[in-house]
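**Student:** The structure under discussion is supplied below as structure tokens; questions concerning it will follow.
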Amino acid sequence: MTGRTIGGRGGARRGTARAPWSVLLVVPAGLVGVLIAWALAVSAGFAAEAIVRVLADGLGATVLGLAALPRLHARLEPPWRLLAVLAGCWCGAEFAIIVFEAAQVVGVPVGELGAAQFGDYLVQISGGQVGIAILVGVGAVACYSTVAFRRTAVASADLVLVFAAVALALRPITGHMSQQAFGSVLAAVHALAAAAWFGLLVALALVVRTRGEWAVVLPRYSAVALPLVAVVAATGLLNGLVRVGGITPFVSTGYGRILLAKTLVLVGLLALGWWWRRSWVRRAADHRMTAEASLRRATIEVVVMALAFGLAATLAVTA
């Protein structure tokens, strides 16, 4: 890898691999996860909020990953234009979540939610206040990224990283797990670790273009991913056991079945990660794998992760 930066303003470079359009497969994969969760808990009915929730979670994780790129390697620079666009979409998804939550609290369909009812929810209910805080944080990320695109010399990715992390942690902190001992901490740590694990790999797939770049950054991601997945697994297991209160509910309740499916996907990801470390990471580090092949493997992994995100999003709205 040469002395130039990777990413930055988001422009194309000569002699690089094809554009990473395949990464967009994470969107249908997340929706498939929602559908699987609905099938596992069909008696609870289909929660349309889960669709916007998985989109918001995926967008937020990607924004977090893009902002964390300089922490992975000094020459990895956030693509500010892409960050601004994704943060704007994230903001829209978060607003949609607030609308769904307000309708649920009021007890009316989304289409029948009145402006006064929505305003009361935002002002008087803690969930609405949390939603406003999230919107402010995500909006700040979008505005800052837009300015940073024009002033990259003075832009700091750390500010975006902090705001994105806080926005991602706010809802888990105040969610259903907050009623349990240490539940808020476990939920926030779980959400942030999962977002970083998924978001960083999506960010690399979006930014890294050449075999030489993959050779440098992939081993670093692999080293970071190992503790992240350990945290995801440990906190997820603790959260699940606390929430369902035993082993039987994992098969006797819709929530438990979704949680079990999510656990199985995580086990599959662990096996895939083990195989990648033995094959993909080593070969890429030795410059023995093309950029296209690395992108293809990254896409496979993030698609499976997105499936887990879809299951998790449904858990969040059916708890």
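For all residues, glycine too, the Cβ spot is worked out from N, Cα and C.
The structure displayed is predicted, hence computed values, not measured ones.
Per TrEMBL, the feature transmembrane segment maps to 21-44, 50-70, 82-103, 123-147, 154-173, 185-208, 220-238, 258-277, 298-317. Under the heading domain 'Copper resistance protein D', TrEMBL lists 217-315.
Locate each feature and note its surroundings.
**Tutor:** If you look at the transmembrane segment (82-103), the same-chain residues 6 or more away from its ends with a CB under 8 A from one of its CBs are 10, 48-49, 52-53, 55-56, 59-60, 62-63, 66-67, 109-110, 112-113, 117-118, 121-122, 125, 127-128, 131-132, 134-135, 138-139, 141-142, 145-146, 148-149, 160, 167, 206.
For the transmembrane segment (123-147), the list of distant contacts is 60, 63, 67, 78, 80-81, 83-84, 87-88, 90-91, 94-95, 97-98, 101-102, 105, 155, 159-160, 163-164, 166-167, 170-171, 174: same-chain residues at least six beyond its ends, Cβ to Cβ under 8 Å.
If you look at the transmembrane segment (154-173), the same-chain residues 6 or more away from its ends with a CB under 8 A from one of its CBs are 57, 60-61, 63-64, 67-71, 77-78, 80, 83, 94, 130, 133-134, 137-138, 140-141, 144-145, 147-148, 184, 187-188, 190-192, 195, 316.
Sequence-distant contacts of the transmembrane segment (185-208), counting only residues of its own chain at least 6 positions beyond either end whose CB sits under 8 Å from a CB of the stretch, comprise 6-7, 20, 23, 26, 57-58, 60-66, 68-69, 72, 76, 79, 82, 165, 168-169, 171-173, 175, 177-178, 214, 217-218, 221, 224-225, 228-229, 231-232, 235-236, 238-239, 242, 291, 294-295, 298-299, 301-302, 305-306, 308-309, 312.
Remote same-chain partners of the transmembrane segment (220-238), defined as residues 6 or more beyond its termini with a Cβ less than 8 Å from a stretch Cβ, comprise 72-73, 186-187, 189-190, 193-194, 196-197, 200-201, 204, 262-263, 266, 269-270, 273, 276-277, 281.
For the transmembrane segment (258-277), same-chain residues at least 6 beyond its ends with a Cβ under 8 Å from one of its own Cβ atoms are 36-37, 40-41, 222, 225-226, 229, 232-233, 236-237, 240, 243-244, 250-251, 297, 300-301, 304-305, 307-308, 311-312, 314-315, 318.
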**Student:** Can you name the far-off residues of the same chain, 6+ from the ends of the transmembrane segment (50-70), with a Cβ under 8 Å from a Cβ of it?
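**Tutor:** Answer is 7, 26-27, 30-31, 33-34, 37-38, 76-79, 82-83, 86-87, 89-90, 93-94, 96-97, 100, 138, 141, 157-158, 160-161, 164-165, 167-168, 192, 194-196, 198-204, 206-207, 306, 309-310, 312-314, 316-318.
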**Student:** Who are the long-range neighbours of the transmembrane segment (21-44) in its own chain, taking Cβ under 8 Å and residues 6 or more past its ends?
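**Tutor:** Contacts of the transmembrane segment (21-44) (Cβ under 8 Å, skipping residues fewer than 6 from its ends): 50-51, 54-55, 58, 202, 205-206, 253-255, 257-258, 261, 295-296, 298-299, 302-315, 318.
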**Student:** Which residues of the chain, 6 or more past the ends of the transmembrane segment (298-317), have a CB below 8 A from one of its CBs?
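**Tutor:** 20, 22-23, 25-27, 29-38, 41, 47, 49-51, 53-54, 57-58, 61, 171, 175, 194, 197-198, 201-202, 204-205, 255, 258-259, 261-262, 265-266, 268-269, 272-273, 276.
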**Student:** Can you break down the domain 'Copper resistance protein D' (217-315) into helix, strand and coil residue counts using DSSP?
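**Tutor:** For the domain 'Copper resistance protein D' (217-315), the helix, strand and coil counts are 88 helix, 0 strand, 11 coil.
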**Student:** If you average per-residue pLDDT over the domain 'Copper resistance protein D' (217-315), what number do you get?
**Tutor:** 91
